[in-house]
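Student: These came from Swiss-Prot, pasted as-is:
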COMPBIAS  506-524  compositional bias 'Polar residues'
COMPBIAS  533-544  compositional bias 'Polar residues'
MOD_RES   SER259  phosphoserine
MOD_RES   TYR431  phosphotyrosine
MOD_RES   TYR499  phosphotyrosine
MOD_RES   THR509  phosphothreonine
MOD_RES   THR514  phosphothreonine
MOD_RES   SER518  phosphoserine
MOD_RES   SER522  phosphoserine
MOD_RES   SER536  phosphoserine
MOD_RES   SER539  phosphoserine
MOD_RES   SER541  phosphoserine
MOD_RES   THR543  phosphothreonine
REGION    506-570  region 'Disordered'
Amino acid sequence: MSYQGKKNIPRITSDRLLIKGGRIVNDDQSFYADIYMEDGLIKQIGDNLIVPGGVKTIEANGKMVMPGGIDVHTHFQMPYKGMTTVDDFFQGTKAALAGGTTMIIDHVVPEPESSLTEAYEKWREWADGKSCCDYALHVDITHWNDSVKQEVQNLSKEKGVNSFMVYMAYKDLYQVSNTELYEIFTCLGELGAIAQVHAENGDIIAQEQARMLEMGITGPEGHVLSRPEELEAEAVFRAITVASQTNCPLYVTKVMSKSAADLISQARKKGNVVFGEPITASLGIDGTHYWSKNWAKAAAFVTSPPLSPDPTTPDYINSLLASGDLQLSGSAHCTFSTAQKAIGKDNFTAIPEGTNGVEERMSVIWDKAVATGKMDENQFVAVTSTNAAKIFNLYPRKGRIAVGSDSDLVIWDPDAVKIVSAKNHQSVAEYNIFEGMELRGAPLVVICQGKIMLEDGNLHVTQGAGRFIPCSPFSDYVYKRIKARRKMADLHAVPRGMYDGPVFDLTTTPKGGTPAGSTRGSPTRPNPPVRNLHQSGFSLSGTQVDEGVRSASKRIVAPPGGRSNITSLS
């Protein structure tokens, strides 16, 4: 599938670049070599390369050179209740590049009952005009019927979308039923697409929200109190179950709790094709801030599923990410201003949900996982770039340093230290949930489409230069096992002769019996006769009809060795 063209959008001219003296880090190996790039592609890798004149040389001085990051979960320029997130595609992708990310995958969120295709085209128009780096799109399924099914099929086959998200929460807005979940997973599995889920039990959340408000809890702490992690875990388990029944690969977005992460880990060990996506927030910070006395600060952390109030959760999730039980990372970058958040100042259920994280994602993971010895540099590349490229069928064009791959590269300094502050981040949001954190590891140089985007701490970006990258269905990384299981899972009826015995006539149901066609009771157990209360056996004389009949609960004492009345069956 080729790149999609755009009209009247400035194109960047790729530089001829030579990176010398760097240590190339892929997900499976690290080695020293030089890299020559031209026309936005990697042309040569090796020592003593022969390159044309006029090449710009970048001295890596032994620093790591790795594939540019891929942020698989963003919400740039997203409309919400008459508002729009403060970071549009220009500001959002600019922040991404500042943190070492050279491609993002944004979520298209159609209004309920509206066209998925029209929403997709709207997102394309916004992103084509403003994105500074390459991008792809997920499409969220916010309602379900035959018309939506046809749109999903068209988006998958014609529009370069291979992932669709459904919501198990947001009752009466986006939430799908279990039956719809089954139908959607079946459809996506047939298309070779990836089923993503926002996993929370929306029915229970609605009840808990009402209970919190009745108790007078209206602040941001009500958000986490009404969404305990058990509700995330229950939905994850349910989604895994439905995905297994439909033989559809499952992708759990925003893994926020230990319980949810454990369920994904256990399911993978049992052979389920399921992927888990923790986000910058769940990897870098906890939910104790919901109880801050400063309402604006507490509200800045409101996202769903909520951050866990257990302060050991980020370390735990980083460990599972390092071990491969969770496979990749996103940021779920969805920023609202404090004034926008304040529409819920008297009711936590009205606070717009979302946090920052696109710029901080790679440094947070390096600081929390690599610098602490949980994962090595190759695993870091896997969870920030390569696994995403494999899952969404972008590999090896993205996510790898190899001849023929896109020249999206990052020269990474593991010793660099930066202190996060809203005063100097690229996001428009006036608050940063990682404020004051000292993070080890940062990009020195960022190259996207063969063009230097970040150098010496200065950004050089071009609005609208980002390309839409279509994602083809049936990714081998995702579907190889699914295809094999389909061949093995063909169901066949048992060959047997025709039954020619007696058949009970349901039309002659006795008076007082269960009406024909009733589904009450077990279909395999005959229903006991219904007692006619007008023909009661109770007598005032003291002698009853059932006198002498042993009660089922009455114990009979048998002699040693037991008492037998069984006759021979021979």
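Keep in mind that glycine also has a Cβ here, set from the backbone N, Cα and C atoms.
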Student: Radius 10 Å, atoms counted are CB only; among the modified residues TYR431, TYR499, which position scores highest?
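Tutor: Neighbour-count leader: TYR431.
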Student: Using Cα coordinates, what distance in whole Å links TYR431 (phosphotyrosine) and SER259 (phosphoserine)?
Tutor: 29
Student: If one measures from the C-alpha of SER259 (phosphoserine) to the C-alpha of TYR499 (phosphotyrosine), what distance in angstrom results, rounded to a whole number?
Tutor: 50
Student: Any idea what DSSP makes of TYR499 (phosphotyrosine), helix, strand or coil?
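Tutor: Where TYR499 (phosphotyrosine) sits, the three-state DSSP reduction gives coil.
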Student: So if I draw a 10 Å sphere around the Cβ of SER259 (phosphoserine), how many other Cβ atoms end up inside it?
Tutor: 19
